[in-house]
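Copied over from TrEMBL, here are the features:
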TRANSMEM  32-53  transmembrane segment
TRANSMEM  89-108  transmembrane segment
TRANSMEM  117-136  transmembrane segment
TRANSMEM  148-174  transmembrane segment
TRANSMEM  186-203  transmembrane segment
TRANSMEM  215-234  transmembrane segment
TRANSMEM  241-262  transmembrane segment
TRANSMEM  268-285  transmembrane segment
Amino acid sequence: WGLMLVLSVAIYGSHAPLLTLCKVDGMIPFSSASVVVLVELTKLVFSLLFLLLAVSWRHVAPFTLSALLYAANNNLVVHMQLFMDPSTYQVLSNLKIVSTALLYSLFLHQRLGMRKWLALFLLVAAGVSYSCGGLQDPGSPSKMQLHITLVGLLLISVYCLISGLSAVYTEAILKTQALPLSLQNLFLYFFGVLLNLIGYFWSSAEGSFLEGFSSWVLVIVVSQALNGLIMSVVMKHSSNITRLFVISCSILVNALLSVTFFNLQLTLLFFVAVSCIGLAVHLYYGV
């Protein structure tokens, strides 16, 4: 108590002199509102750090691996583009449905019957069908050519493995810990921010941190953040299988927006994909 009170006295007493040192030509050169915002943000950061220190590290430590797996996977997506074309990536990335289901069954001891496995393979078929030409630009050739190197094949295999492992591992942590989801999210995203910031500065990226941002980028940031929070609820209270169905059903929204904004046309493969998803939902959930 004594140390804290002395420190508080020192801070209160130094406030006015520090403001005077900030003056340029007798004027305060910054916005007082922005300083207040940064002060509140700093208090929030300190409060989160103190919360992390107050919680047992046996609850916090598992999220470091989870954040590391997610960070590795997100960066791997970028590097894979050097060894395959985007269409090939879209087709082969559907294999993460199989890897996730296998790891889910193996590590979480969830037995999936033949009916449910058939449903999951239908999801893979839906993703492949849509990726192979569910949407078509009227002005472009309809035939799609796939290209992938041996290194690309290895990378896509590692990507699908890490994708499934990160999802299943995170689900296991969320369900086995007797902690509120909001607190678990705090641990996960704290390490996520830390690791990705390290990766950003390690890559020696040129330009400012927010260079090239637009209102659409901010929409992406907010929507992806919201979706991440929703997926944590799904994994804690449902399962990764539900998450896979959500991802597959997003094909419908993707197609609707692509037709609306980019004047793309739906092809027969789109309706094949929709049929596979509908049948998969029926087989897995009995709907």
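Each Cβ is built from the backbone N, Cα and C atoms, and glycine gets one as well.
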Original post:
For the transmembrane segment (186-203) and the transmembrane segment (32-53), does the number of C-beta pairs under 8 Å, pairs 6 or more apart in sequence, reach 3 or more?
Top reply: yes
Long-range CB partners for the transmembrane segment (32-53) (under 8 A, at least six residues beyond its ends), listed in sequence order, are 60, 183, 186-187, 190
If you count CB pairs under 8 A between the transmembrane segment (117-136) and each of 89-108, 148-174, 215-234, the winner is 89-108
Of the listed stretches 148-174, 215-234, 241-262, the one with the highest count of C-beta pairs below 8 angstroms to the transmembrane segment (89-108) is 148-174
Lying 6 or more residues past either end of the transmembrane segment (215-234) yet within Cβ distance under 8 Å of it, the residues of that chain are 170, 174, 181, 184-185, 188, 242-243, 246
